[in-house]
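Feature list (source: TrEMBL):
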- B:26-46: transmembrane segment (TRANSMEM)
- B:52-71: transmembrane segment (TRANSMEM)
- B:125-156: transmembrane segment (TRANSMEM)
- B:168-193: transmembrane segment (TRANSMEM)
- B:213-234: transmembrane segment (TRANSMEM)
- B:278-297: transmembrane segment (TRANSMEM)
- B:303-323: transmembrane segment (TRANSMEM)
- B:344-365: transmembrane segment (TRANSMEM)
- B:371-396: transmembrane segment (TRANSMEM)
- B:417-437: transmembrane segment (TRANSMEM)
- B:507-532: transmembrane segment (TRANSMEM)
- B:552-573: transmembrane segment (TRANSMEM)
Amino acid sequence: MTAALEINGLVKAYGEKVAVDRVTLTVPQGSFYGLVGQNGAGKTTTLSMAVGLLRPDAGTARIFGADVWSDPATAKQLVGVLPDGMAMPERLTGREVLTYLGLLRGLKKEVVTERATELLSVLELEGAEKTLVIEYSTGMRKKIGLATALLHAPRLLVLDEPFEAVDPVSAATIKGILRGFVEGGGSIVLSSHVMALVEQLCDHVGVIDKGRVAAAGTLEDVRGAATLEDRFVELVGSGSTAAKGLSWL
Amino acid sequence: MAVVMTLVQMKLAILRHAVKGPQGSTMSSAGVLGVLIAGGTVYLAFLDGDWLPAAYAVWMLGWIIGPVFSGGGDESLRPEFFSAIGLRPYRLAAGLLTAAFIGVAPVVSLLALAGLVVAGTREGVVGVVVAVPAMVLQLAVFVLLSRVAVALLGVALGSRVGAIGAGVINGVILAILGQGWVFAVALGQGGQIPEFVRYLPSGWGLLAVEGNLLALVAMAVLIVLLLGAWAALLTRRTGADRPSTRGRRPMRAATARQAVIAKELRTWTRDLVRTHQMAFALTYGVCFAAAPLALGIPDMLPLAGPIFIAMAASLSANTYGTDGTAHWLTLLTPGASDVRGRQLAWLAAVGPVAVLLTVAFTLVTGGPWPLVLSATPALLGGGAGLVLLVSVYGLVPGIDPRNRGGNPLRTSEDEGSLTGMAYLMLLLVACSAAPAVTVAAMFGWWGVPVGVATGVLCYWGFGLLAERRLTARGAELLQVMRTGRRPGSITGKSSFAMPKMSKPREFIVMVCITLGAIPLIPQGVVAMTMLSDGQLGHTWFLATHMPPALRWPTAIVMVLLGLGMYTTGFLLWRQAKKQAAGARAEAREEPQEAAP
């Protein structure tokens, strides 16, 4: 069976600094894949290259076998993306953003209207019907971003920090939607630095450290007998950070 | 005092980095140009008549209007940075004001104000002694007026009415400056500077030097008032918040292209910066064309529409940059016609108003119909094509709309490049109408099909080029917007920024690019249209004053001169750019060679 996402030897360097160094990962169909790593480890860069938002210096990315760079039309039709910290069409309301994107994706107008209504209601955004996206809170931005990623019924979701700055109630809603997506046969890759969340949601984990894959596989294989957090610190951390204190406190 | 000193030190540190960094060359060339103009101003102090107060009035206007066009002026120290410290507004304003005196523009202005000392020598020792505090107070008036104007505009841009109002006022002022000769003739009656110029705040320093010491007191009072106003405006700015609860019209689009148009048109009407730009372009076009009416000359009226189109194109040239990283959505939907949609939206926003303006004003003057009807479609098509092409090829990375903070005018950190882009766009759009206007001037109505043809061609061709570029280099464009840097460039500057070159050469490039438009457009193209229309003896259009045999040759030489200046400027600039790129490549190769 072709993998939902197959990343092979991706490299990205900015001048002297190698941000992503030959990263290879396979996301099987139907899996819920967590990508963990410290800030600046290269998670966002890897995911951006995997979905065609950033051109890699070397390596390939395939979505259900379709190469993101040589066959973008097929690959991008199959994937829904939630990038971290990118702008939206800021002067549109949430519903207008969804209408705009749905039409851009080539959906029929009636289908777009129906799905937009459902998404806004499930994500509890219909109260903000008249609010422009530029006035949204960070949590609301994440939710409308997730809605745009889900709108065209993709088979793979690539989500960069989907739970950052989202309140617990909304987070529970989002978790429910994502679990349902995987149960329905979809595949998800999400990046996070919250280990408990990844442990709770994901069945596969990839650990990225300094631009390289430190460990990858099923959750059980990666964490072994320990918790994911302990294993992560063991793989990535310098060890003694917890003992350091602040001299003036 | 501690606040003031800290802010001054911060500003000095920023300047130090700026001089070393990529902005250094821009700063030094601006400085050289400023010193030259300041020297010219001081020279005026030696002349009889009211030349000096007139010059200071222009300096004051420059201080007030300059920041509006360069993205809100010097914003290296922003009030938002200090909002968490809990300073009293007045102390913060005083600190920011003191820091505002450090920079190229204040130093250059102080040099220009040295003219007061020259004027003082005529009055004797007292005059010279008074001139020194007068200089300082006068500079404080300039700087404060500038800050208050920017702050007021920031508040104005918080509401639709304010945005339109500010656009109208800026348009009127700039059009009056552009058509200065009209008012010089109308008010001056034979080369005299009108009396009131002496009594503007810009002239108070001179009044003081001439013995009216009350003017010094007046300046001090004005400074205190302005500082108070600025402090009050600063608190409004840092606490700015504006919810919108207006009713929204439902989106009726049914296809991808219609969706892009709907999104763009909504952005045009809802983004107050764009509203402001449109109001400005419209007012500028109308006022520029209508100004000669003050002398009873209606002939320029038909130009209102074309000027509006060119201005609108120039201000919207960075369309992709202004939207910031929202470009990722376009990248994820390959095949959706983003470029064509934006072109159509631009036409829908600019076209109807432009056509209405052109037809109505030409009806008033009763012609010249062939010329106007050739230029309008050529300009509209040219604008719709060039806006997208320039935006994609020369993208100036913008600040994402939600991160613009308290200064909505600031759409990019690289305001120098934005200004360069706006000028380039004006020139390119004007050029796109050149074939149609030339044919119309020579063969009358034949210009109309030519204008329509070049308009359609520009729209189609430039749009296609932009779309291809977007497909091929879309990811790189997104990266530029994300980081503010071009991939592969060390300095991270846009292609419009000045590369390093020797000072004299840089000066030539600056002169060619800033002044090339004068022979090309008014003395060349506009003069030609006047000649073809049989208007002679027209104020400053040289060709119309020439003996019959020399009229057309003069205008043609002017066009060639303008084109020559631009070509020279461009070639020198490109040469320097290539050299700089070569030097960078060498620098990068060296360490590799050193490795075994």
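Glycine is treated like the rest: Cβ placed from N, Cα and C.
At the 8 Å Cβ threshold, with sequence separation of at least 6, the transmembrane segment (B:303-323) lacks contact with the transmembrane segment (B:26-46), having fewer than 3 such pairs. Long-range contacts of the transmembrane segment (B:52-71) within its own chain (CB-CB distance under 8 A, at least 6 residues past either end) are made by residues 40-41, 44-45, 105, 109, 112-113, 115, 119, 138, 141-143, 145-146, 149-150, 153, 170, 173-174, 177, 193, 197-198, 200-203, 205-206, 407, 409-412, 415-416, 418-419. Below 8 angstroms of C-beta separation, residues 56, 59-60, 63-68, 72-73, 96-97, 100-101, 106, 109-110, 113-114, 116-117, 119, 162-163, 165-166, 201-202, 204-206, 208-211, 213, 215-216, 219-220, 222-223, 226-227, 229-230, 233-234, 236-237, 240, 406-409 of the same chain, each at least six residues beyond the ends of the transmembrane segment (B:125-156), sit close to that stretch. For the transmembrane segment (B:371-396), the most Cβ-contacting stretch among B:213-234, B:417-437, B:552-573 is B:417-437 (pairs under 8 Å). Listed as Cβ neighbours of the transmembrane segment (B:552-573) (distance under 8 Å, sequence separation of 6 or more from its ends, same chain) are residues 427, 498-499, 501, 505, 508-509, 511-513, 515-521, 523-525, 527-528, 531, 542-543, 546.
Listed by sequence, the residues of this chain that lie at least six past the ends of the transmembrane segment (B:278-297) yet keep a Cβ under 8 A from its Cβ atoms are 163-168, 170-172, 174-176, 178-179, 182-183, 185-186, 268, 303-309, 311-312, 315, 349, 353, 357, 361.
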